[in-house]
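All remarks here apply to the structure that follows.
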Amino acid sequence: MRVLVISGLSGSGKSTAVRVLEDEGFFCIDNLPVQLFPTIIDLVNKAQETVPGVALVMDIRGRDFLKGFEKIFQEIDDAGHTIEIIFFDATDEVLIRRFSETRRRHPALESGSVPEGIRYEREQLSGLRRLATLVIDTSELNVHQLKEMVLARVKGEAGARRMTIHLQSFGYRYGIPLESDLVMDVRFLSNPHFVPELKPLSGLDPGVRNFVLEKPETTQFLARFEGLLEYLLPAYQREGKSYLTISIGCTGGRHRSVALVEELRRFFDRAGIAVKVSHRDMEKG
């Protein structure tokens, strides 16, 4: 099993890294005594549910448990697990500024200044830093760049910029989906609802699909909307967005929006982008 030990200075970005790992399916535990690492790893390894790995946070809050970690790590390695230590760091100036912005006291000292806390923390974690597989200096990174760097380490460069799309149809009659990032209203298209033989069918039916897609206005709309998506998706990815919900709506969510979502699915498939499709209101119309 792959084991990631997440460590580093307070305010350097560990919490952001853990959230990224949780999104990738890692089993994450914060502030666990190092002596319990082998037990947790063994339990997760024996569980029925498959996970890509375990991420364990180890920092100054567990100062009483920092001793003897090298022996524990060797025990984990001897058990056949791949252990990686990712250490997050930043300059003193940047850390001081971050603490000032959040108005938090430094967790390393009950009393004393933030600079004193940083110096003490560096000293306490120096041995762990020396063992690090990777040191990430976040001084010049924004949160999106940090997410990309963590993903690049976890999934490889090819996976760092992958985006998952949730493409869904809906009916305005039942309200706009609250989770939507992009909403497209296609009620301007000809409505199969008013064709007697098509009314009882859905947009999954070839007859309804042909009725909707063969109209010139549909062809023009798809060309423009797909062009917009080709522009927007890389921009969203540059900002660190890994999951995008696109909602396509018609009156009842049964005919036009369903047919268009299925056609857009093919667009994403051709582009090699992972897509999840759902039809929220198809059975209501």
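Cβ coordinates are placed from backbone N, Cα and C, and glycine is handled just like the others.
Values in this document were obtained by computation on a predicted structure and should not be read as measured data.
According to Swiss-Prot, the features are:
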type	residues	note
BINDING	GLY8, LEU9, SER10, GLY11, SER12, GLY13, LYS14, SER15	ATP binding site
BINDING	ASP59, ILE60, ARG61, GLY62	GTP binding site
Cβ-Cβ neighbours of SER12 (ATP binding site) (radius 10 Å): 26
GLY13 (ATP binding site) in three-state DSSP notation: coil
Inter-residue C-alpha distance, LYS14 (ATP binding site) and ASP59 (GTP binding site) (nearest angstrom): 9
ILE60 (GTP binding site) and SER15 (ATP binding site), distance between Cα atoms, whole Å: 14
Residue among the binding-site residues GLY8, GLY11, GLY13 whose Cβ has the most other Cβ atoms within 10 Å: GLY8
Environment of GLY8, LEU9, SER10, GLY11, SER12, GLY13, LYS14, SER15, the listed ATP site - residues of the same chain whose CB lies within 8 A of the CB centroid: ASP59, PHE88, ALA90, THR138
Rounded inter-Cα distance in Å - SER12 (ATP binding site), ASP59 (GTP binding site): 11
Integer Cα-Cα distance in angstrom, ILE60 (GTP binding site) to LEU9 (ATP binding site): 8
